[in-house]
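A quick write-up on the structure given underneath.
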Amino acid sequence: MNINATARSLLLTEFVSAFFLAMRYFFRPKPTINYPFEKNPISPRFRGEHALRRYPNGEERCIACKLCEAICPAQAITIEAGPRRNDGTRRTVRYDIDMVKCIYCGLCQEACPVDAIVEGPNFEFATETREELYYDKARLLANGDRWEREIAKSIELDAPYR
């Protein structure tokens, strides 16, 4: 047996070095958070629950161009456009998103020329049935109304990178 190995085993050098390593981390602040009660800040580029936005005058932004429907790789978006109005604009009659199919890639948000469809900051939208994850136009507009302040702030922060 080597004298060096014998000295190491008698003096328990590995044990002592491991003990000091553990003690160094023991007295540091904990990196974990108590999730339901504490939350980390969310990035401005976070992609969560979908929402349809409105203009400040209350009119919906969607112009029924169907670019989001065309670009969606999961084919989760279904849009039906209404007839043209007197001023030449169109609006959607039906705007549905199947959140079960959605892969949250953000391509719909990037394709939209008027920032109508966005992925908001909400990530806590668990449901008990699959049918509740089929969002219609009314629910998407309600999400947009509920999260408008946070959505506008994240779009403003992300503007230099678009």
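From the backbone N, Cα and C atoms, a Cβ is placed for every residue, glycine too.
Record check: Swiss-Prot places CYS102, CYS105, CYS108 at the [4Fe-4S] cluster 2 site, and the matching candidate among CYS65, CYS72 is CYS72. Nearest to CYS108 ([4Fe-4S] cluster 2 binding site) in space, judged by Cα atoms and limited to the binding-site residues CYS62, CYS65, CYS68, is CYS68. Taken through DSSP, the domain '4Fe-4S ferredoxin-type 1' (52-82) splits into 5 helix, 8 strand, 18 coil. When the C-alpha distances from CYS105 ([4Fe-4S] cluster 2 binding site) to the binding-site residues CYS62, CYS65, CYS68, CYS112 are tabulated, the minimum falls on CYS68.
The two recorded residues, CYS62 ([4Fe-4S] cluster 1 binding site) and CYS102 ([4Fe-4S] cluster 2 binding site), have Cα atoms 19 Å apart.
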